[in-house]
Amino acid sequence: MFAATRLSRLRHDTSRILSHWILPLGWLALLTGMFWVGDRSDYHRLFYILLAAPTLLYVILQPRLLRPLTGSPLFIAFLAFSSYMMLSLSWSTPENSTGSLLKRPLYIALLFFCAAILALEAPLRLKTATWLAALGAVISAAATLLRYYWDANPLRLTGYGALYNPLLSAHVYGAFTALWLAYWMQSRPILAPLPLISLALLGGLLIATGSRTPLVGLTAALMWLVLAGDRKKALIALALALAGALLGYILYPEVITQRGASFRPEIWADALRQISEHPWLGHGYDHPMRIVLSNGMLLADPHNIELGVLFAGGIIGLLLWVAIYALAFGFSWKNRKSPAVLLASTWLVFGLAAGLTEGNAFLPRPKEHWFLIWIPMALLYALWIQQRFAASRRGEDIAAP
C-alpha cells in the first residue's frame, strides 16, 4: 500500500515537472530555436529532447488523457490524412527511407499532444511561452537587420544559421508578423508601442528578404482579422499595410519589377500535368517531382503546398487535407471572440495563404513549414481540447447534487 502511494506520488510529481517546466521550455525552444541554433540538425535534436520525448513520457504517465487527446475531430482528421499518406508509400518511390517517413506523423502528433497538455495543465505558461517566442522573433529580427546593413549586404537578406536563405527567413519571421498583427488587434490602445514597433521591425526584415510569399500570407491574415476581429483596427492595419507596400516598392522596386511571377504559372501548369497522370490516388507520399522550366532550370517541388498534397495523395488526399482545415476554421469562426483562438487562427490563415505560392513539405520533420501549418494547427487543437474539458467539467458540476 505504502509502495503504491509512493509510486503514485512520484508519477504525479514527474508529470507536474513535465507539464509546468520541461514542456513550456520545449515549446519555447521549438518556436525560437531557428533563431539561435546554427544547424538544422541541432534544431531537430532540440525538438526530440525538449518536446517529443517529454510529451511521450507524460502520456505514458497519464494514460487517461490519451482517449480525449485522440478523440478530437481535428486530431481524427489529421490521423486519417496522415494514415492515407503513409498508405500511399506502397505505390510511391520515396526519396527518403520508409522508416524516416513513418516517424513524421508521430512527431506532429506529439506536437499536438504537447500543446494540449500545456493548455490543460499550464495554460498561462503556454500563453507566456508563445508571447516570449514572439518577442524573441522581434529581437532576432532587429539583430538580423543590424547585421545585414552593417555588412556589405547582398541584394536580398538571406538570414543566418538555420535560416540560411530568404524563403526560410520569410516563412518563420512572416509567421511571427501575423502573430504580432493579432496581438496588436487585441491591444487596447490603438497606438500600442510594442506591437507597432514589432510589426515595423518584422515588416522591414520581410521586405529585405525580397520574398513576396509572406506578403500574400499577411494580406490574407489581415482579411481574416477584418472578418473575425476588430474591424476598425483591421481596416487601419490594412491601410498601413498598403502604405508599407508602397514604401517597400519605392525602396525595393526590384522585389516587384525584376522577378515578375517567378515562373509560378509555368511551374503550376507542369505540376498539374503530372497530377493528371494519377488524379485520384496521386503518385504517393515523397514521390519525387521534377519540373523543367523553359530556361532549363530543374525544380523539385510545385511551389504550392496544396499542389504538393494533390501530387502525392491525389484528389482523395486533397479532400482529407481540406477536411483538416475545414474543421480548424469552423472551430475558429465559432469561437472567434476568444483572443487565443483569434491569435492561432490568424497564424493559420497566414500559413495557408503563404503556402499557396511556396513550399511542398506538408508532412515534414520540424522545420520552417511547421510555422506555416502544424504549429498554429496544434494551438487550435489545444484550445479545442481545453474547451471540451471545460464543458465536460461544467456538465459534471451541473449534474452534481
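For all residues, glycine too, the Cβ spot is worked out from N, Cα and C.
Topology check against Swiss-Prot: Glu95 and Ser392 fall in different compartments relative to the membrane.
Put simply, of 43-61, 104-122, 130-150, 340-357, the stretch with the most CB pairs closer than 8 A to the transmembrane segment (369-385) is 340-357. Within the same chain, residues 161-162, 367 sit at least 6 positions outside the topological domain 'Periplasmic' (38-42) and bring their C-beta atoms closer than 8 Å to a C-beta of that stretch. Within the same chain, the transmembrane segment (190-208) packs against the transmembrane segment (162-183): three or more Cβ pairs sit under 8 Å, each pair at least 6 residues apart. Looking at which of 21-37, 43-61, 104-122 has the most CB pairs under 8 Å to the transmembrane segment (162-183), the answer is the stretch 21-37. A Cβ distance under 8 Å defines the sequence-distant neighbours of the topological domain 'Cytoplasmic' (123-129), meaning residues of its chain 6+ beyond its ends; these are 20, 24-25, 27-28, 31, 115, 340, 382, 386.
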